């Protein structure tokens with residue numbers, strides 16, 4: 001599959017690049033950011049996938065999070081894909097900020113008119129890793145995933161739906177129980193239809209209840225003054241309770257007053273997350 005380089009910038013002796021490709025899964029052109037640390041010039045490196053939140057593209061994380069120095073030091077390739085298909089000319093795809101363009105929710109849609117293109121789960125879990133492993137100096141056996149908000153939801157469900165595939169998982173302010181919040185009800189209802197039992201396959205709080213192992217160490221950071229926490233969109237308490245019941249290790253850090261849902265919050269604690277993943281990736 002042909003890759004077209006869109007940009008390349010040297011950063012902490014590595015390179016932050018952006019590529020474009022034709023996605024067979026999504027049937028449109030997609031972009032992703034990839035940071036290649038200096039160690040990638042001489043050896044195969046583990047890969048850490050970042051999933052962004054509502055309204056984001058591949059640009060938000062690579063320009064705002066400040067992860068490059070830590071990724072360079074630990075020798076991690078970091079891949080940041082887009083959050084949804086783009087330019088599919090689906091009626092209604094640009095009508096709201098929390099559904100359609102920029103809001104793929106990391107599910108495989110089953111409802112018209114979304115099911116042809118909106119297959120972000122399979123894109124992130126299958127197509128993109130194959131593309132990355134075929135074109136860059138990766139160690140396919142060492143991969144992890146993390147994300148923010150909608151992307152935190154995506155990271156958690158990917159890890160929980162694929163035991164052993166991802167060596168570690170972490171999230172900033174994830175949507176933990178989408179079948180119980182307005183964002184989730186809108187997205188899952190639109191993409192998957194009215195049968196709520198189908199939604200449960202993409203809900204971290206539901207998935208952890210049947211997770212077959214207890215060796216997944218989860219790190220979650222949440223800002224105390226996150227406006228979406230107080231609005232009931234994130235529901236971390238439900239997820240923590242389910243993890244506790246199943247004896248799944250989860251470190252939940254409620255960061256002090258003033259920290260919100262923004263990339264300023266992410267940038268403050270990003271190094272902790274890079275270190276968390278490096279520990280499990282043996283980087």
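Heads up, the Cβ atoms here are built off N, Cα and C, so glycines get one too.
Remember, TrEMBL labels are computer predictions, not curated facts.
Marked as active site, charge relay system by TrEMBL: 149, 226, 261.
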Active-site residues compared (149, 226) - highest count of Cβ atoms within 10 Å: 149
Residue pair residue 261 (active site, charge relay system), residue 226 (active site, charge relay system) - Cα distance, angstrom, rounded: 5
Inter-residue Cα distance where the pair is residue 149 (active site, charge relay system) and residue 226 (active site, charge relay system), in Å: 11
C-beta crowding around residue 261 (active site, charge relay system), within 10 angstroms: 21
